[in-house]
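Q: OK, Swiss-Prot features for this one:
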- Asp92: active site, charge relay system (ACT_SITE)
- His123: active site, charge relay system (ACT_SITE)
- Ser334: active site, charge relay system (ACT_SITE)
- 66-389: domain 'Peptidase S8' (DOMAIN)
- 160-179: region 'Disordered' (REGION)
- 240-259: region 'Disordered' (REGION)
- 421-441: transmembrane segment (TRANSMEM)
Amino acid sequence: MQRVAVMVLAVLLALFSAPPAWAIDPPVIDAGAVPPDETGPDQPTEQRKICATPTVMPNSNFADRPWANDYLRIQEAQKFATGAGVTVAVIDTGVNGSPRVPAEPGGDFVDAAGNGMSDCDAHGTMTAAIIGGRPSPTDGFVGMAPDVRLLSLRQTSVAFQPKGARQDPNDPNTTQTAGSIRSLARSVVHAANLGAQVINISEAACYKVTRRIDETSLGAAINYAVNVKGAVIVVAAGNTGQDCSQNPPPDPSVPSDPRGWREVQTIVSPAWYDPLVLTVGSIGQNGQPSNFSMSGPWVGAAAPGENLTSLGYDGQPVNATPGEDGPVPLNGTSFSAAYVSGLAALVKQRFPDLTPAQIINRITATARHPGGGVDNYVGAGVIDPVAALTWEIPDGPEKAPFRVKEVPPPVYIPPPDRGPITAVVIAGATLAFALGIGALARRALRRKQ
């Protein structure tokens, strides 16, 4: 009876101490799976929706500086760097260029005939403006790094859809809109090969941990851009809604997993490729994490993402998008990431010898840390551009630690030598024959006995 009780107790302990069925580990990179450097969509697309146009909230006053600029002390930071000489690639919905957002064509992965300089969603244009929008005497807006060189790569668009029926609406590789994990991987490689020193990806694909997606090419592309070409990659943490269900917080009773990898229920990509990428969450004007900002053990920093101001197609200030019931304020981790990409460009200009990992280290080490030093909503904290550009801190490791798929060395196979091989075959046949004769003899002896 005592043995049975011990066995029951052991089973109960195993049940309560075992990680959840969906527990995951950080992704593993297959460095040899880099996709080809090719533009164009995965399959032919067509436009099925009219283009969106950003708008303005009632009673807006653009003469004053946006709250995010003051919160981040952007004007003070620009005394130390403005992004001059740094190239930032914006992988997004494209950019409609203007004198205040003078982007250059970087490639189109939505329309085979495009070059990246057409934006039917406004998202890419507004993202690019927050990164590197130029100032104007008529309003108070200026981007984080107004002297950067902007490259526009159109990789997604809700206005375009692949021709024909979709195979799997739950797979980010077969989404209802133009753009996929595969085309994102190709766009990362293309941006890196164009010489981008900072790559902004204000996109997020969410899926449940119980339904794994093949991201081999994306992981390889990110590793290639960072560790081979030397680009800093900044990505959005993602917004809750649709496929993006909020992740639970870490379990304090499991100190061996302080960031809560075992609690993750929703994977966000490319956000979960931290620390190769810097994943950015959103805060509001009160400095608190935004309700819509996806959390996860991969979040590295945070920046303003609510009630923002940017520039529209014509280079004029906008702060809303059209909604069913009127204008909707400009919110989202997409724009939080844009602020951090701009800061990465400033750091790159001021400290040109730093590696991507060291630039990320400088941004996170000088951030306004939350209680406890780090959490899954704001990571190391809200960025502090002035501190990132002025504090004296250790550079940190040249490369970020990351799990890479180990490929065994090729096995040496000597050239064929017919003589020895023939001898071995003959000897083997002779041995087999001898063994066979011996077996027959033993059977005969047993029968006689």
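Using the three backbone atoms N, Cα and C, a Cβ is placed for every residue, glycine included.
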Q: Including all protein chains displayed, how many Cβ atoms other than that of His123 (active site, charge relay system) lie within 10 Å of its Cβ?
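A: Around the Cβ of His123 (active site, charge relay system), 25 other Cβ atoms lie within 10 Å.
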Q: Other than its own, how many Cβ atoms are within 10 Å of the Cβ belonging to Ser334 (active site, charge relay system)?
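A: 28, counting other Cβ atoms within 10 Å of Ser334 (active site, charge relay system).
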Q: Is it possible to list how many residues within the region 'Disordered' (240-259) are helical, extended or coil according to DSSP?
A: 0 helix, 2 strand, 18 coil
Q: If you count Cβ atoms within 10 Å of the Cβ of Asp92 (active site, charge relay system), leaving out that atom itself, what do you get?
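A: 29, counting other Cβ atoms within 10 Å of Asp92 (active site, charge relay system).
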Q: Give me the Cα-Cα distance between Asp92 (active site, charge relay system) and Ser334 (active site, charge relay system), rounded to a whole Å.
A: 10
Q: From the Cα of Ser334 (active site, charge relay system) across to the Cα of His123 (active site, charge relay system), what is the distance in angstrom?
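A: Approximately 9 Å lies between the Cα of His123 (active site, charge relay system) and that of Ser334 (active site, charge relay system).
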